[in-house]
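In what follows, a single structure is set out as structure tokens and then discussed.
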């Protein structure tokens, strides 16, 4: 499923005291060692602007996020930054190629905690373009651990062999064609994870409550554009 081009409306800059200002992160912030990391933290935590709004007093009261984010560990895809949401608004689980594995205690415990204890209303599986995990899932040079972890993607090759061209053919393809194949595989991977989560007993149990709001969504982060794109895969109560 290839998404149509999405055109976003242009907004005029309006001075609104309640408007959240976009966070502009540093592309590169060099550091000499871990001491610098700790020092950066102290400077941030001691900032007058945070003290004035009693930031840490608010955090200390607990969390009630409505979103459970299952994303990739890629260092370029930071949920809080690309969604421009704040502390306490997203419960996050990240791993290589945004997989959900019911046999993985980490995945399952976080799903249970998010659904049964925090009672999130939305589970978002977010893949991204230029995902090395997806690109290399079927390569022979992978270690046993990575082959096992990415086995879900490796199985896609049986159903969609056209997405895995012969290396010789792939080397002669224009980059735009390679990007299309990769995007398609990223979307299939996201869709598969959404389906697995929806069929999991934790989610099925939550859906027995008629008043419970809970849906699973599939998104892709387009690194080149910076856009989060809904790929049209959403599963709610049947």
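Note that Cβ sites are derived from N, Cα and C of the backbone, with glycine treated the same way.
For residue 72 (Zn(2+) binding site), the Cβ neighbour count at a 10 Å cut-off comes to 23, with all displayed protein chains included. Here TrEMBL flags 72, 74, 128, 131 as Zn(2+) binding site.
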Residues satisfying Cβ distance under 8 Å from residue 131 (Zn(2+) binding site), sequence separation of at least 6: 72, 74, 97, 182, 186
